[in-house]
Amino acid sequence: MTDLTNLTLADARDGLAKGDYTSVELTEAHIASMAAQRKLNAYITETPEQALEMAKASDTKRAKGEAGKMEGLPIAIKDLFCTENVQTTAASHILEGFIPQYESTVTANLFGNGAVMLGKTNLDEFAMGSSNMTSYYGNVINPWKGKDGKDLVPGGSSGGSAAAVAGRMALAATGTDTGGSIRQPAAYCGIVGLKPTYGRCSRWGVVAFASSLDQAGPMTRTVRDAAIMLGAMAGHDAKDSTSAPMAVPDFEAALSGDIRGMKIGIPKEYRVDGMPDEIARLWDDGVAMLRDAGADVVDITLPHTKYALPTYYIVAPAEASSNLARYDGVRFGQRVMEDGDSLDDMYMKTRAAGFGKEVQRRIMIGTYVLSAGYYDAYYNKALKVRRRIYEDFANAFGTVDAVLTPTAPSAAFAVGENSDDPVKMYLNDVFTVPASLAGLPGLSVPTGLSDNGLPLGLQLIGKPFDEETVIRIGGVLETAAGFDAKPAGLEG
Amino acid sequence: MSSLDKETVRKIAFLSRIKVSEEELGELAGDLTRILDFIEELQEVDVEGAAPLTSVADLTLPLRKDEVTDGNIQQKVLANAPKTDAGCFVVPKVIE
Amino acid sequence: MTYILEGSTGPWEIVVGLEVHCQIIAHSKLFSGASAQFGSEANNNVSLVDAAMPGMLPVINAECVRQAVKTGLGLKAKINHESVFSRKNYFYADLPQGYQISQFDKPIVGEGTIILDMPDGSTKAVGIERLHLEQDAGKSMHDQDPKYSHIDLNRSGVALMEIVSMPDIRSPEEAGAYLTKMRAIVRYLGTCDGNMNEGSMRCDANVSVRRAGAEFGTRCEIKNVNSIRFVMQAIEIEAMRQIEVIEGGGEIIQETRLFDPKLGETRSMRSKEMAHDYRYFPDPDLLPLVFDEAFVSEIEKTLPELPDEKKARFMREYGLSAYDAGVLVAEQEKAVFYERVAKGRDGKMAANWVITNLFGALNKLGVDVSESPVTAENLGKLIGLIGDDTISGRIAKDVFEIMIETGKDPEAIVEEKGLKQITDTGAIETAIDEVIAANPDKVEEIREGKDRMLGWFVGQVMKSTGGKANPAMVNKMLRDKILG
Ligand SMILES: [Mg+2]
Ligand SMILES: [Zn+2]
């Protein structure tokens, strides 16, 4: 790995501004790193030629004095964002070969701000998963290794993005988070992941999983980088009716380093039965760091926490069952049919062959909970519990500025583990799902290592549209933790 | 309470338009039953007086001006279609 | 007037509710900026949203909301200041999203009323249950290829209002009157062009039968009937079928049926029955549609005078019968035409001329009032000429014939053809004297008491003056001369 791939987004930005190197040089270094680490399978589609063209154009733009917020910075894009003329698969076979004729708003914002796209990163199929094991294009391997040297999952669903950033195959990457898909893989890969408030980033052009939960956000190596990138992604979009008509603040300016007098809540319900000691210790350490920095850490209660996962596993599949109905083999993507097949035959064969097992399971669960006779018992009930969870947070935020919890209940696990039982896999999202249901901003910051030498993260949850507070506190936590471990092979 | 039999799974699979073989049906019924057992926990929550929360966006629906700003992109619309003819998408014959 | 179908076991009453889909008049679609116009090349008026490309999102058209509210106001219905869009999930070739965005438990418009104008001049109120907004589907074409269907999405996403009536309709005639009135209202409002044969207004009929006063029977839904006449036929045929089934000891199953006007029968659409589970749920891509009273009152200000009000005013201002007023307000163009004819003239006479003579003639020509060769101004002038005794009513009919043929000004025609009524006593006297001189025997008969011979003399005088003599004057002068 070269020095250029070890830069933070902020340093690279400043180095480009000073003329220490060009965007083409930065991009070439990342293209080389991407090629060298193909075995990790972080990318589904690499776009080196396009990256170099964008980098060249960026250098020219800079020479004319027209540098944007992310001018010349090479990043990776989760393959859930539709990118014009570049294959977009959502890691599904059903979208293999799909070439969008449009650019998602978030990627358009990033490219408009000068960012350079290196390629499209791997993910769980349709973002449904917490391990990246459900991708049709093969699983992603976490750049980190435990003491036993086994291949580990990067988390999911934005596992390719997390692996690319941790493995220095991109300065930063976009992720999307529905129930934890930015924060959990960030924690598993020792990077920073920020899920903004629902409505902060446009969903237009992002392949939908669960519309009321999906939110795009940055995956970076520092909190500052997350602030920079969020500023370049976010903004009101008239094409998304759920996009918030709000100005984008200067998130980087929130990094004052001063959290004296801020009130931070510790929800007792997150101290779940069987929480591993190393996670409990990580959390306690985080509390101590914030106290030392002058924050007022208080106990709070979020009584409906234990119902968040079941609620999520009704709401998200229900929406998904409908959102994924458009993959029918008619207008785009794969089609499977034989001579003499009826329309229904074609639908059924196409969708059976095009969707993987986990996606099929979720579509069917979603179909079931919405079907006649079950709507009230499952779906509508879940929406009511969701209201309770939302109210829990609203009550807590009456007294605290942010909430601190672990990001995930464990460190990254081995490839193949937990895959025998879908429900076991769902438990990975136990700490991230509540904030998703409430639409709140959540930031995962790496603050320590597990006994096995793997990164662990803490999560900060903020008030709606108060990303600035979680960024400020996250910055303090980051400095205090001084997390500087790197994946194996990157130490030098 | 929430054990799914093969018949129900067959019906859900058809509503979902996913072809499931006879052998897969049993395994799927097991998987889906496990998931249903997991979400069953919600039944114990008291939601008296709680309005269903369908969106966290604290907004009302934004209205668009009635202007023709889109369309006239037949090529883009058809670009990814598995089969087209005479500007149309083509599907197996539909009997009405 | 109760409509009864006589079965083999006794009389049956029919119960009908109608669901009418009206295409909203707007430039662009309900949730996308593509043109809502028809007749374009296939898939040309289609956006990536209409084609349901991955990641595409709906944004609602304000005009469609206004049009729905306007229609709701026209139906004297409750306007819901908060309504919700839901997804109706089903797979179909012309439904790209795999769901239709519609409104389910919270429609934009609630209960209202529509007044039917029956042919005998009576009226009947039918309840409106709801009006909701939804997307249209695309079009499947099956004749292009033996093995495949072609899909054109130009219509996909076009805004529809679905207007659902209460089951208050009791005869095919009432169903016809309902649709006629609905069409008139949306046309007056400018919210839908109401063309059933072009599909911009489509009707589904829910039909059941029962013994008078009994509970509602099981209903069948007859889908997509495309003319008022066919709706009326379909209802009668379906009701007869149901009666036969029940009287034969069978049971009606709730199902969707298709009307075949050629065979004169309805038949089951089993294909649509496979799995009827639409799994409605609130569309998470759209937030609740909320507007305030000011939004509604702005729309209220733009409401035109609607058929019912216009009818009442015509009866009041022009002294018309309910029937005549009803005929005239049935279409806005007709009403406007009539008022231009009637302004400042005898309203009843104007109504007679417009309804009997003009509409009769237009009917023969097969043209609309908007294409009438006789303008309202000219018809008004013609009535004026009768009123001021320039021509007689009989001559007026001849002049009208010429107007229909040539479109000419009646004054010019009268001038040109010398049709002015003779009111000069000298000229009439000369003509009378000639007839008397030529028929002394007949004069004698009258004097002997055969009064009705007088009519024959009037006819002769009229004939000799080419019909131009003022008939009243002829009558009086003849009487004076022969009997006086
Ligand atoms: Mg209907
Ligand atoms: Zn409808």
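Glycine is no exception: its Cβ is also placed from the backbone N, Cα and C atoms.
Annotation comment: TrEMBL describes A:25-470 as domain 'Amidase'. What TrEMBL records for A:Lys78, A:Ser157 is active site, charge relay system. Taken from TrEMBL, the feature active site, acyl-ester intermediate covers A:Ser181.
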Field: Rounded mean pLDDT for the residues that make up the domain 'Amidase' (A:25-470)
entry: 97
Task: Please work out the number of neighbouring Cβ atoms within 10 Å of the Cβ of A:Ser181 (active site, acyl-ester intermediate), leaving out its own Cβ.
output: 36
Message: Excluding near sequence neighbours, so keeping only residues 6 or more apart in the same chain, what lies with its CB under 8 A of A:Ser157 (active site, charge relay system)?
response: A:Leu80, A:Leu123, A:Asp124, A:Ala127, A:Met128, A:Gly129, A:Ser130, A:Asn132, A:Thr176, A:Thr178, A:Ser181, A:Pro185
Task: Measuring CB to CB from A:Lys78 (active site, charge relay system), give everything in the same chain under 8 Å that is also at least six residues away in sequence.
output: A:Lys120, A:Thr121, A:Leu123, A:Ser158, A:Gly160, A:Ser161, A:Ala173, A:Thr174, A:Gly175, A:Thr176
